[in-house]
C-alpha cells in the first residue's frame, strides 16, 4: 500500500528550523563528547528531586523504600533503552538521516512501517501532540520548581543573618541569573557547571552520615503512604526527554548506548546517588525529614550553609538543561508562523526564551508551594513519558520488525503500562484532591 503525502512528510520530518544564520539545536552546535554528554545526563536527572529522596524513603520505610526505589530505577533505565532502540529502528526503517525526536518516534510508531492498521495510523498526530505537551509541561514545571528551590535556599540563609525579604522578592532577584543562563544557546557550555551539583550531593550525603541514630529507630516498612513514595520517585527519575537530544548532540552517538555507554553509566550513577541520599537522609532525620534534604540542615553552621549554596548553585545551572528540551520542541513551529522568526531567527528565539522564562517565574510567584503541583506533574506526565510511551514504542516496533511481539515482551510492557496507569489514577487523583482542599482552605 503506497504511503500518503502526509505519512511521507511525517517520516521525513525532523523538527528542524532551516533559516539562514540560525544554529539548529540538534546539529549545528558543536558536538559534545562522552564526558560532556554524561555530565549533562547527570545534571538533567540530579536536581531538586534528588534531595526529595529522603522524604520518599520516609513514606515507604528504610528497608522497603530503597528496595522499591531500586526497582523503579531499573524499570526507568529499561524504558530509556526501549526508547533509544525504538528510535534507532525508526531511523533505519524510514531512512532518516538522524534519530528523530521523542514525539516523532511516537508518531512514526503509530503510522507503522508498511502497516495496514488504519485505526492506529489516524491517531499518530494526536499521539505526537500528547507526547510533546507532556514533555513541555514536565520540563517547564521542573523549571518552576528550580526557581522556587533556589529562592527558598537563599531566603533560608538570609533569614539566618536577619536579612528578611519576602520570597517573591528573592525570586525576582534570582530571575536575573536564570534569565542570563537561558541565553546560552549551546548545550556544551551548560555541562561545565555540573561540578557544583556533584560537590553539593557529596557534601549532603557526608553531612547525613554525622551522628546517625540507631537503625532500629526508623520505620522498616510503611505501606499506607506508598502512593506518595511513587509520586516523588517518578518526579525524580524523569530525565527521559533528554535521552534522544543528548545522543544526537554527541560526536559519537554510538557511545551513548552499550554496557559502558553514557546512558547506562549515567543512570546507574544517578540511581546509586538517589538511594544513598534517600537511605542516609531518612536514617539521619527520621520523621522530621523535610521535602528537601537541604531544609533539614542546621543553617546556623557554616558547613550547612556551604552545602545549601552549592546545591542551590547546581540547581540554578540545571534550569537551562530542562529549559533546553522545551524550547527545542516549542520554538520550531513558531518559526513557520512569525515574520520576525524568518527575518531574524536568533533574535526571535532569544525573545521566545525570555518569554518562557518569565512564564515559569509567574507560575512560581502564583503558586509559591509547588509540591502538590509537582506531584500532579510527576504522577501524570512523568508516568506517561517514562513508562507508557516507551512501552508502546517497543510493542509497535517489535511487531513491525518481527511480525510478532512475543509473550515476554507483552507481559513486561503490560506490567509497566499498568504500573503507570495506577500511578496516574492514585497519584494524580490525590494531587488534584489536595489542590482542591488547598483552594477550599484558602477561600475560608
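FYI, residue positions are counted from 1 along the chain as it appears here.
Cβ coordinates come from backbone N, Cα and C, glycine included.
Taken from TrEMBL, the feature domain 'Amino acid transporter transmembrane' applies to 32-431.
If you look up TrEMBL, you'll see 62-84 (among others) marked as transmembrane segment. Same-chain residues lying 6+ beyond the ends of the transmembrane segment (62-84) with a Cβ under 8 Å from its Cβ atoms: 53, 56, 102, 105, 215, 218-222, 226, 229-230, 233-234, 237, 240, 243-244, 247, 256-257, 263-264, 267-268, 270-271, 274-275, 278-279, 282-283, 386-387, 389-391, 393-394, 416, 419.
Under the heading transmembrane segment, TrEMBL lists 130-151 (among others).
TrEMBL lists 163-184 (among others) with the feature transmembrane segment.
Taken from TrEMBL, the feature transmembrane segment covers 191-210 (among others). Long-range contacts of the transmembrane segment (191-210) within the same chain: residues 32, 36-37, 39-40, 42-43, 46, 50-51, 54, 273, 276-277, 280-281, 283-285, 293-294, 297, 303-304, 306-307, 310-311, 313-315, 317-318, each at least 6 residues beyond the stretch ends and with a Cβ under 8 Å from a Cβ of the stretch.
Residues 40-41, 44-45, 49-50, 52-53, 55-57, 59-60, 65, 68-69, 72-73, 76, 79-80, 83-84, 87, 99-102, 105, 135, 138-139, 142, 263, 267, 270, 274, 321, 325, 374-375, 377-379, 382-383, 385-386, 390, 423, 426-427, 430-431 of the same chain, all 6+ positions outside the transmembrane segment (225-244), place their C-beta atoms under 8 angstroms from a C-beta of that stretch. According to TrEMBL, the feature transmembrane segment maps to 225-244 (among others).
Sequence annotations record features per position, and here TrEMBL assigns transmembrane segment to 256-282 (among others).
Residues 25, 40, 43-44, 46-48, 51, 135, 139-140, 142-143, 146-147, 149-150, 153-154, 156-157, 160, 174, 177-178, 181-182, 184, 187, 190, 193-194, 196-201, 203-204, 207, 241-242, 245, 294, 353, 356-357 of the same chain sit 6 or more residues outside the transmembrane segment (302-325) yet have a Cβ under 8 Å from a Cβ within it. As annotated by TrEMBL, transmembrane segment applies to 302-325 (among others).
According to TrEMBL, the feature transmembrane segment maps to 346-367 (among others).
Positions annotated as transmembrane segment by TrEMBL: 373-393 (among others). For the transmembrane segment (373-393), the list of distant contacts is 75-76, 79-80, 82-83, 86, 102, 105-106, 109, 130-131, 134-135, 137-138, 141, 144-145, 228, 230-232, 234-235, 237-238, 240-241, 367, 413-414, 416-417, 419-421, 423-424, 426-428, 430-432, 434-435: same-chain residues at least six beyond its ends, Cβ to Cβ under 8 Å.
Annotation source TrEMBL lists transmembrane segment at 414-433 (among others).
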- Query: Taking pairs 6 or more apart in sequence, does the count of Cβ pairs under 8 Å between the transmembrane segment (130-151) and the transmembrane segment (414-433) hit 3 or more?
  - Reply: no
- Message: Within the same chain, where does the transmembrane segment (163-184) have neighbours whose Cβ lies under 8 angstroms from its own Cβ atoms, ignoring anything closer than 6 residues to its ends? I mean 6 or more beyond.
- Response: 147-148, 150-152, 154-155, 190, 316-317, 319-320, 323, 327, 350, 353-354, 357-358, 361, 364-365, 368
